[in-house]
Amino acid sequence: GRAAGRESPMAARQPFTDTDTADEAVRATCDDATTCKRFATSKGYWKDPYIQYFVRSVGDRKAPEINRGYYARVQGVNHLLDAFLRKTQCDCQVINLGAGLDTTFWRLKDENLMPRKFFEVDFPTVVARKIHNIKTKPPLSKPIIETHSTDSLLLDAHSLESDRYCIIGADLRDISSLDEKLKKFQLNPELPTLLLSECVLVYMTPSHSSNLVHWAAETFHTAMFINYEQVNMSDRFGQVMIENLQRRQCTLAGVEACQTLDSQKDRFLKTGWEHVDALDMMTVYSMLPQDDVARIERLEFLDEKELLQQLLQHYNICWATKDKLNLGNAHFNVSLMNGYVSCERTSK
Ligand SMILES: C[S@@+](CC[C@H](N)C(=O)[O-])C[C@H]1O[C@@H](n2cnc3c(N)ncnc32)[C@H](O)[C@@H]1O
């Protein structure tokens with residue numbers, strides 16, 4: 001399938017020769033995600049005025065089903081994230097795990113949905129690149145400076161800490177160092193916390209991702225974890241996706257957890273989360289506000305609907321919650337997507 005290498009449009013890339021080949025190939029996936037998002041926004045699928053500061057050129061054309069897939073991914077994840085921020089009235093923190101060059105912090109600032117603090121974590125080299133972009137592009141640095149109380153921003157090549165935004169270089173497979181770094185930068189375990197991983201867990205072994213998810217469940221009493229990544233990977237299409245990435249020395253070490261929606265949910269149910277849901281992206285796509293879906297479907301002609309269907313059936317959003325404070329319905333609803341699901345269903 002032409003869509004099977006979605007994170008990795010089969011761009012010719014030199015094979016890596018350094019010792020840490022596998023990690024280098026994983027780090028490179030952040031460029032794929034950003035280039036695809038950059039292209040889709042240039043076509044008008046959604047608005048992102050900040051992504052151009054991370055990837056200058058619009059780049060090669062991407063297939064329509066890939067653009068629609070990214071649209072569903074961004075809308076689906078944003079819906080859950082925004083629902084959490086509204087439920088907690090932004091009195092919360094967000095931790096974007098494997099954030100890459102993601103621009104969510106800047107979107108939330110513009111939409112008046114800024115959490116108390118927004119953390120991002122990625123490998124130190126990715127973080128260094130992001131910090132360089134932030135430092136040299138005023139539209140990126142301005143919101144960080146504006147929301148900071150003093151003149152002195154803590155900023156070095158591998159971390160940036162302001163009152164509201166913090167980016168940390170760390171390996172997500174090393175929990176004790178991750179925990180230590182986040183606490184050093186004033187992570188507050190008492191605050192309701194939203195953790196996000198978008199196409200990240202699949203790159204680590206199931207035991208590493210379980211440890212991470214378990215750490216999150218142990219650390220926060222009131223939290224939500226949103227995970228977006230592959231699912232239904234045991235069929236032929238899944239196999240092609242794996243092979244396409246393998247050709248670039250990029251191993252989906254966590255593919256075992258991506259066999260079914262149930263295997264996605266199990267990772268959370270086994271590690272202390274109270275409530276877990278998962279939907280494949282074709283289902284999410286069918287639940288998104290249909291007037292906007294009609295708008296984006298007019299942007300580009302897609303002759304083979306099956307391509308989109310096949311692609312979207314191989315990704316999912318899984319979200320888990322725990323609510324020890326028992327804030328309940330008034331403040332923090334544990335099944336945030338349920339309202340969304342039923343409301344979208346009845347409005348169809
Ligand atoms: C496919 S990209 C996705 C980036 C971003 N979440 C997005 O959706 O635009 C995966 C990201 O996860 C990061 N990542 C993967 N494994 C990691 C690890 N063990 N520690 C830190 N970052 C990791 C990579 O460096 C890369 O930036």
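Including glycine, each Cβ sits where the backbone N, Cα and C put it.
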To which of ARG73, ARG86, ARG107, ARG116 does TrEMBL also attribute binding of S-adenosyl-L-methionine at the site defined by GLY98, ASP171, LEU172, GLU198?
ARG73
Based on the record's binding annotation for S-adenosyl-L-methionine (ARG73, GLY98, ASP171, LEU172, GLU198), what whole-number value in Å is the widest Cα to Cα distance?
24
In sequence order, those binding-site residues of ARG73, GLY98, LEU172, GLU198 whose CB lies under 6 Å from ligand 1:
GLY98, LEU172, GLU198
